[in-house]
Amino acid sequence: MNYRTTMSESTKAVKDKTATIFIVPVKFQKKRLEDIKNSLLRKGLQYANTLSPEVTHVVSECESLGQVEKYFARSGQKIPDAAAVVSTQWLIDCLKASRIVEIKSSQLIKEVEVSGKAQVTVPEGNEFNGTFPEWACQRKAKLEHLNKKLTSAVEVLQEFAELRDSNQDYPRALAFRRASSVLKSLPFPVQSVEQLKGFKDIGEHVKTVISDILDHGSSSEVDDIEKSEWFKKMKLFTSVFGVGPSTAKVWIERGWESLEDAQKDGCPSGDWRIAWGLAFSKDLNTPVCRSEAIAFSRIVQREAEHILPGVITTLVGGFRRGKPEGHDVDILLSHPTDEAEIGLLPKLIAALGKRGLILIGHKEKNSFRSDILYQDFKLSTRGQLDHFEKWLGICKFPKSFSKSKDSESNSEVNQETSFTVPALEATSDSSLDESINDLYEPKAKKSKSSGAIDTEPQHVSAAPRDWLARRVDLIIAPISQYYYALVGWTGSKHFNRDARLYAQKKLGLKLTSHGLFDLQKREPLTAETEEEVFSHLKIPYIDPTDRNC
């Protein structure tokens, strides 16, 4: 094998002929691949849709050369002898420079050497030599990892601290989350606390819990928390849409034991979320399966495309990170033409309402101002709010949405997923009356109420129906902020928090879902792809399915 073995050979290939890039599609979601190819075209860089002798650079997210060779071998192909096999980080560097750049040694995908000992494969750039990336945003964390029993216990401690909700409990909750994040990223199952020596975020408290689990199968501290009546009630009450730890504590102080007690009281706070959350608590606490999320996002895509051709519609949140189920559906919308997205949301809500898919919700206006970018900010366990135009509410999902649950379990989660939605013609523009949005606004959010919203939530819930209530967020982002919004709304919450703290502490930059900003120069760093966001942060690109820290 004479190809792609040294940097000198790779450089010679570029000098001898025009560089042509081929991207191995494995591990790339379709939308992301299209974004990268469009960026290559804009930068004047040549790429090939098929492998040929003219290809000089093969870009892949595979971790070893053998994996790349196996991909081509399945179709009887072979990597051209003169081609360099490189990581996506090299491609990001090219896009940033708008030219073919020199390949760094760390960017060449090489053979994995296997000795008599077990070979530990770790993410590119994270060589496990006794050190470990300090920041969670630099590490891969998959849903299926090697230390689930340990992370489950640590996350009970985290949740307990969050529910206590006092100032001193915030750093405790964060410490537990950081420890859990490290455990999720370890390339080995922990069998002894000695293996954790030197890992910065694994404190003595967590080590004691882990030691108990390894020695006795469980932790008495965790067991006591889970058996606690207070903990059980707090979990039950905070599971209601709109109820946080403060409200849950008040309910406990009133002597309430169940959701029925809260329902009898009639939601004294007057918060529409709690009233409807209580009425539909069974529906809203039943996980949304992947097929439901995909079916609904397809309908949103169809209606949005009819209203605004060329619209970008992306299913984000846990589903984009590969989760098979979740408790809500988050959909991010944008358009390649700046400001074209203005006015889309009210028309979209009207279209979905005409379909009978809206139960209740509240639209928030875009509150973004440029001066917000340079203000000081603080992070909390609940994350950082953004200023996008959005609709937050509850939708009616036909029960037929969930019938293909098993067949959808391994599908991609963005709008390209192969899922058949019941045939629906897009709603005609002439039939869209945006005033219909008022029908879905809670009484407390509008001066005049009418329509279905006047019906008591309990009566709507108890009536015969062929749908389930599901939490939905629709977010509108201008294209200039879209890729930062995509990172922010994909999550996880800890990944975002860590990336923002990293940007602040290490780079002197402010990262939000609206962009990345140099506070000294008072200027933004623009991004035309998700990869460019990571490039600006000077960290390797992390696939959405690896952001489950």
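Cβ from N, Cα, C; glycine included.
Because TrEMBL annotations are produced automatically, they should be read as predictions rather than curated entries.
Computed from a predicted structure; not experimentally measured.
Residues D328, D330 are given by TrEMBL as Mg(2+) binders; from D165, D169, D473, D498, that same site also lists D473. Compared over the binding-site residues D328, D330, D473, the count of CB atoms lying within 10 A of a residue's CB peaks at D330. Cβ proximity to the Mg(2+) site centre (mean Cβ of D328, D330, D473, cutoff 8 Å) flags the following additional same-chain residues: V316, G317, V329, I331, L392, R471, V472.
A strand conformation is recorded for D328 (Mg(2+) binding site) in the three-state DSSP classification.
The domain 'BRCT' (20-108) scores a mean pLDDT of 89 in the predicted structure. Reduced to three states, the DSSP call for D473 (Mg(2+) binding site) is strand.
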